[in-house]
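The structure appears right after this line, and notes come after that.
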Amino acid sequence: MWAYRTPGIPDELFERTEDVPITKEDVRALAISKLRLKEGYSAIDVGCGSGSITVELCLQTKGGQVYAIDFDSNAIELTKKNLAKFGTEAQVILGKAQDVLPALPQVDAVIVGGTWGDTRQVIQLAMDRLKKGGRIVIDTILIETMYQALAAVGEMGLKDVDVTQVTIAKARKVTTGTMMLARNPVMMISATK
């Protein structure tokens, strides 16, 4: 279904529903690139939503193990559908990150797309699962979550900390020409353990 080595599968290729969020393709491509993945790596997607990042992780880590976590059963079902659609496999787990993360093995990369108001604890648990030298990416649209995540990352003494705000605008045809329509800005923290 996706025969390319690069991340950034077009959003329209994924199964979607109104009630389950998807990380948009441009943001997803940047987040995946900041994880610095290799074949055979293992990864965790915290707050997998539609599974778009889970699918991209599977494609970038061929031969590795990917874990997808979400507390929403609709998100879990949608993630499973998208994994099947793209011919990829991951261990998809229904539950809160706080309950699931401690039982998972050490991995090379973690992406956190949702903390459900418990940012510090979720990031700490994610860091506990990350191998030394592993990469973490935290995506958020909420200023409060960014503030809490940045404070937590600072306290944990991570290396190569990078903070990026991504604002994407996409072209849309209108009657008199083409306009650029902005999407919500996404704030992204990436770091090395």
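Backbone N, Cα and C define each Cβ position, glycine as well.
Matching Asp70, Asp72, Asp118 to the S-adenosyl-L-methionine binding residues that TrEMBL gives (Thr23, Gly47, Cys48, Gly49, Ser50, Gly51, Ala97) identifies Asp70. When the domain 'Methyltransferase' (38-142) is classified with DSSP, helix, strand and coil residues number 40 helix, 30 strand, 35 coil. Taking the Cβ of Gly51 (S-adenosyl-L-methionine binding site) as centre and 10 Å as the limit, one finds 33 other Cβ atoms among all the protein chains shown.
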